[in-house]
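Engineer: Please read through the structure below; I'll follow up with questions.
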Ligand code: NAD
Ligand code: IPM
Ligand code: MN
């Protein structure tokens, strides 16, 4: 059966990196029997410019129809002064929420060829393979009330609410326990239960769930310590489960362990495993349009799509192997360069992966 894939390139480097990921999908379709049909839709600032809305109706409708979405990145200084609901970021948040993509899987894996590019010492990161499971449709990103106003004394004020109900915690918790069970069998739940009521509920629910997963070792860590431990001794972690905001921050931290945020893919899944696949990084306005962005995070997101939605684990392995092989050849985009390697543009890197897959 033909799978419908919707490509949403977005802003900044989004279109540049998506172009390379689409070339990968094309070669898999052409040479390896992947049965797909591609469509494209506007999102983010590009959609604000052309339709006045960061997630126009027809883009959302196309996203609902698709079997999987490949998402580039959104945002940029051009749209930063728009009202909140017209900002590119709001389009992405609505998309995640409307599609029920509550489980965000963000693996941080160090390719051995890139140990030098990590900001940590080689022995601290060698062999790193952790999975951050981030709750994606709740918490302070979506809690009400949220807004800005003026106090009685005439001072400006603003507020957000960090809120979870137990069902939201149960569904992400179950997903995380299952992921941990299929990996190293250790799950670390990260919260701020020493201060926040919402974190105490989070911790209580994780403890209750643990009884159903006796083969998974559950531990808890406060988020401030977790941030420190990630840069002190990251290999102590196997699977991490945490809330929307903490997961956002910790996954960017984990990115640097792997050499560059340009290496980190992600999958955002709903209850049925349908999903959106996107690099962890943003639209990188500082390098957009220069053809230097690393497309590997997006290409590795295609591998996650193959594994989790298209059920072609064989092809996912091929893509990941191709990435390793291209790195072995010494090809590097600027963000992962060193003295002994050869600098490649976004397009050259994509082309090298495509050649490897032929
Ligand atoms: P960013 O991730 O875009 O960039 C941070 C740094 O990493 C920059 O120096 C950038 O050049 C570098 N970088 C990012 N991706 C790279 C790649 N593929 N190759 C090489 N270097 C790369 O984060 P930011 O600068 O904080 O945010 C820029 C914009 O992106 C903002 O509007 C923000 O809201 C948005 N954003 C979007 C997403 C998303 O679409 N999922 C994620 C994060 C940020
Ligand atoms: C991410 C981004 C988004 C988030 C923004 C752009 C809404 O930082 O995907 O990590 O905070 O979730
Ligand atoms: Mn982020």
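Residue 1 is the first one shown; counting continues down the chain.
Just so you know, glycine gets a Cβ as well, placed from its N, Cα and C.
Annotations in TrEMBL come from automatic prediction, not curation.
Below, the features straight out of TrEMBL:
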DOMAIN    4-353  domain 'Isopropylmalate dehydrogenase-like'
BINDING   76-89, 282-294  NAD(+) binding site
BINDING   96, 106, 134, 224  substrate binding site
SITE      141  site 'Important for catalysis'
SITE      192  site 'Important for catalysis'
BINDING   224, 248, 252  Mg(2+) binding site
Engineer: When the Cβ positions of the binding-site residues 84, 134, 248 are compared with the atoms of ligand 3, which fall under 6 Å?
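Structural biologist: The binding-site residues passing the 6 Å Cβ test are 248.
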Engineer: Measure the Cβ-based neighbour count of residue 292 (NAD(+) binding site), defined as the other Cβ atoms within 10 Å of its Cβ.
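Structural biologist: Cβ-Cβ neighbours of residue 292 (NAD(+) binding site) within 10 Å number 19.
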Engineer: For the Mg(2+) site given as 224, 248, 252, which other residues of the same chain have their Cβ within 8 Å of the site's Cβ centre?
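Structural biologist: Same chain, not in 224, 248, 252, Cβ within 8 Å: 223, 227, 245, 246, 247, 249, 250, 251, 253.
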Engineer: Please work out the number of neighbouring Cβ atoms within 10 Å of the Cβ of residue 224 (substrate binding site), leaving out its own Cβ.
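Structural biologist: Excluding its own Cβ, the number within 10 Å is 13.
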Engineer: Might you list, by sequence position, any residue in that chain lying six or more from residue 84 (NAD(+) binding site) with a Cβ less than 8 Å away from its Cβ?
Structural biologist: 90
Engineer: Which is it, of 80, 252: the one of these binding-site residues whose Cβ has the most other Cβ atoms within 10 Å?
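Structural biologist: The most densely surrounded of these binding-site residues is 252.
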Engineer: Any idea what the Cα distance is from residue 80 (NAD(+) binding site) over to residue 141 (site 'Important for catalysis'), rounded to a whole Å?
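Structural biologist: Rounded to a whole number, the Cα-Cα distance is 17 Å.
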Engineer: I'd like to know which of the binding-site residues 76, 88, 248, 284, 288, 292 sit within 10 A of residue 134 (substrate binding site) at the Cα level.
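Structural biologist: Correct set: 248.
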Engineer: Consider the recorded positions 141, 192, 252 and say which one has the Cα lying nearest the Cα of residue 224 (substrate binding site).
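Structural biologist: Closest candidate to residue 224 (substrate binding site), judged by Cα separation, is 192.
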Engineer: How big is the Cα-to-Cα gap, in Å, between residue 288 (NAD(+) binding site) and residue 252 (Mg(2+) binding site)?
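Structural biologist: On Cα coordinates alone, these residues lie 19 Å apart.
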Engineer: By the count of other Cβ atoms within 10 Å, pick out the sparsest of the binding-site residues 76, 88.
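Structural biologist: Ranked by other Cβ atoms within 10 Å, the binding-site residues 76, 88 bottom out at 76.
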